[in-house]
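Student: This structure is in structure tokens; I'll ask about it shortly.
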Amino acid sequence: MLDALLTPEVFLSLATLTFLEIVLGIDNVIFVALMAGRLPEAQRPKARALGLGLALIFRVIMLFGLVWIAHLEEPVFSIAGFDVSWRDVILMGGGLFLIVKATLEIHHSVEGDNTHHENPVVAAFGAVVFQIVLIDIVFSLDSVITAVGMTDHLPVMITAVAIAMAIMLLASGTVSRFIERHPTTKMLALSFLLLIGVALVADALHFHIPRGYLYFAIAFSLFVETMNILAKKARRKGT
């Protein structure tokens, strides 16, 4: 069995699947970075590690439940002739959660909020970890379905997902620090979450928005923001 896994084809599928898992995890990294940023600095790495660690466990469990995953797309009930599957329900819930969360965060950033809790650390930590795990379960659907479609070898799927999650954990810290150094990027990241939430709701309603369009919009926006940051640095040096 081990010899069957140590073949060029398997290594190629592992590399391809790992790359796809990382691409599919871009939106997840943004969410984790924003959520962890609401905690005291000392607790952020722990929240990211715990949240993504639990999320990895859920993804592995979902991979073992391949039959259950495959049946998620089967209709379970209909509304006025519109077939609804459990996948649609999960995507709708996750999309609405992201839309509401991003909207509230944007409102908080624009209007300001002086009504912080007196001692929010313990409750906030648990809430942040819970939200990271919750939204990662939603993002896991596409990830796991992609893994199932790419290879028949469960060890390859688990390895690719684990590598992608480790990279996401490392990247989330970098993204968090970048957002802290450049506050204007927080609004941009929240806008991305809003966009992703709308895309998830659209998927739930069977109006699929190609993810390439979203990633292009995100990449172009980041390019423009990078130019703005470089221009600000140049102006500071000139004064």
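Counting starts with 1 at the first residue shown.
Backbone N, Cα and C atoms are what each Cβ position is placed from, and that goes for glycine too.
So TrEMBL says this about it:
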type	residues	note
TRANSMEM	12-37	transmembrane segment
TRANSMEM	49-70	transmembrane segment
TRANSMEM	76-100	transmembrane segment
TRANSMEM	121-141	transmembrane segment
TRANSMEM	153-175	transmembrane segment
TRANSMEM	187-207	transmembrane segment
TRANSMEM	213-231	transmembrane segment
Student: I need to check the long-range neighbours of the transmembrane segment (153-175): which residues 6 or more away from its ends have a CB within less than 8 Å of a CB in the stretch?
Tutor: 5, 10, 13-14, 17-18, 21-22, 25, 28-30, 32-33, 36, 44-45, 48-49, 52, 55-56, 59-60, 63-64, 66, 143-144, 147
Student: For the transmembrane segment (213-231), find every same-chain residue at least 6 residues outside the stretch whose CB is under 8 Å from a CB in it, and list them.
Tutor: 23, 26, 182, 184-185, 188, 191-192, 195-196, 199
